[in-house]
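Visitor: Pasting a structure below so you can have a look.
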Amino acid sequence: MKTSRLPIAIQQAVMRRLREKLTQANLKLGRNYPEPKLSYTQRGTSAGTAWLESYEIRLNPVLLLENSEAFIEEVVPHELAHLLVWKHFGRVAPHGKEWKWMMESVLGVPARRTHQFELQSVRRNTFPYRCKCQEHQLTVRRHNRVVRGEAVYRCVHCGEQLVAK
C-alpha cells in the first residue's frame, strides 16, 4: 500500500471503514468476498477508482487529506460497491441499478455518482478559449492538441469553434 504522506490515523480510518462495509456486505449477501487491495495513487479530480480485474481501490490522497471525514464516509463505500457489484453480478453499468442497490440496500450509503469536494488544489492549469457566447477553460492536454493541430473544439451551445484568447 503506497502511503503518499498520509497520516497513519487517516489510513487506519480508511481501512476501518472499508472492512466495516465489506463485513456488512458479506453478511447481507451471504458471501465471503475478499478484502480488496487499497492504494493511494489516484490523481487529478477523481476521488477514487475501482479497478475490477485487479480487485483494487485507488484513492486520491490529496482529496482524502483535505476532506477526510466525508471522503471516508462516501468515497470508500462508493468504490467498494463497484467491486462488490462486479463480483456479485458480473460486468454491468458502472452506476446502474445494481450499483445503486448495493450502495443503498446493502451498504446503507446514499448512492451518489459524483463528489462535491473543492478541487482547486488538484485542478491543473487551464487555458482560456472563447466562442461567440462565452469563455471556456481547456485543459493542458486539450490546449496542446489544438496547438499541434490535432483537434478542434466547438462550443456545445453556439457550435462555434473555440479560439485561444
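Just so you know, the numbers here start at 1 and follow the chain as drawn.
A Cβ is built for glycine as well, from the same backbone N, Cα and C atoms used for every other residue.
Pulled these from Swiss-Prot:
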DOMAIN    20-163  domain 'SprT-like'
BINDING   His78, His82  Zn(2+) binding site
ACT_SITE  Glu79  active site
Visitor: Name, in the order they occur in the sequence, the residues of the same chain whose CB lies under 8 A from the CB of the residue listed as 'active site' and which sit 6 or more residues away.
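Guide: Counting only residues 6 or more apart in sequence, the Cβ neighbours of the residue listed as 'active site' under 8 Å are Gly48, Thr49, Ala50, Ile57, Leu59.
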Visitor: Pull the DSSP breakdown for the domain 'SprT-like' (20-163) and write it out as helix, strand, coil residue counts.
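Guide: The breakdown for the domain 'SprT-like' (20-163) reads 56 helix, 24 strand, 64 coil.
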Visitor: Of His78, His82, the binding-site residues given in the record, which has the fewest other CB atoms within 10 A of its CB?
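Guide: Among the binding-site residues His78, His82, the lowest count of other Cβ atoms within 10 Å belongs to His82.
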